[in-house]
């Protein structure tokens, strides 16, 4: 029996009738306490339970060493409250944020909903965060950095779209010495107009501004939506080449509501009319399609962080085989619990030696047991 999946999750999702955001905040506060107190006995127990180390899983990318290819996606630990604890839960990297130049409360509550019938979540958070300065201060206090830390950058809600570049630049300047890689988030559906910044004519000045400041010192990526069509992705790939992006994160949440079993949300009404993005299992297939398209269109030359609907080893393998170099989990981790990461890693390590007759089935990130090296 899986204690989390069979006992704790049903209580959290239904038995306690708890607001999902309240539960998440409570977990983050507990992990923040662990980080602050460095309760070594508890941290050691977490490491024994959830860390799986195997040098065959190491990924070297952008001059960074990732102990394994499974990371925590942006949005869970926006303010880096537990950034020192995620390594003890087995993650190979963590992406904090989305962060904006100044603090902002986000959209009105309730704004996070679990959809258990669909193994999914609906969120309409709106970049709630304490601001770049607060995150910078927290990252400066880190005692050690055993895994790479990515920082996801966003535009403030009150900032006009035509001034978006200034917002991304302001946060980058505050945080550039503290992040190992940076992600430009122009794909969240929860800030009015933000997704329009994925259009080439809108995205180009943002990338020009950031890369002009960056001068190639930090890996810069863009996170894209799953709802883009192929010509729109092609335009972003042209910008990726023109502005020497280090990679893409594929994908953010989706606005699509088709094929969902959930129809109504208590206190909110019809799901079809609810604002926000869907994450989890319904996103798996489309995010993998986008990963495969990018990988093929760039002949495997543009690294991809694959995210969306990873619940099982098969899900993870699918994205690696499609062309992802690294993976991120969020909703799957909420549903499956902390045992998900070591379970995935054990499976990936076992999969590194396939039958000689089927080398094409090897995950891209661990082909033939070799470590990936993709430094520009």
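Cβ atoms are placed via backbone N, Cα and C, with glycine included.
Long-range Cβ contacts of residue 185 (substrate binding site) within its own chain (separation 6+, distance under 8 Å): 74, 97, 98, 152, 153, 154, 194, 223, 252. In the three-state DSSP scheme, residue 185 (substrate binding site) is classed as strand. Residues or ranges marked as FMN binding site by Swiss-Prot on the basis of sequence analysis: 74, 75, 76, 77, 78, 98, 152, 185, 223, 251, 280, 309, 330, 331.
Around residue 124 (substrate binding site), the same-chain residues at least 6 positions away in sequence with a Cβ under 8 Å from its Cβ are 107, 111, 112, 190, 274, 275, 276, 277. Annotation comment: Swiss-Prot describes 78, 123, 124, 125, 126, 127, 185, 190, 252, 253 as substrate binding site.
Annotation comment: Swiss-Prot describes 188 as active site, nucleophile, evidence class sequence analysis.
According to Swiss-Prot, the feature region 'Disordered' maps to 352-376.
Using a 10 Å radius centred on the Cβ of residue 252 (substrate binding site) and all shown protein chains, the other Cβ atoms total 29. When the CA atoms are compared, the recorded positions lying within 10 A of residue 126 (substrate binding site) are 188, out of the candidates 76, 78, 188, 280, 330.
The substrate site, placed at the center of the C-beta atoms of 78, 123, 124, 125, 126, 127, 185, 190, 252, 253, has further neighbours from the same chain whose C-beta lies within 8 angstroms: 75, 98, 106, 188, 189, 191, 276, 277. According to DSSP, residue 78 (FMN binding site) sits in a coil region rather than a helix or strand. Cβ environment of residue 76 (FMN binding site): 24, 330, 333 lie under 8 Å away, each six or more residues apart in the same chain. Around the Cβ of residue 78 (FMN binding site), a 10 Å sphere holds 22 further Cβ atoms from the protein chains shown.
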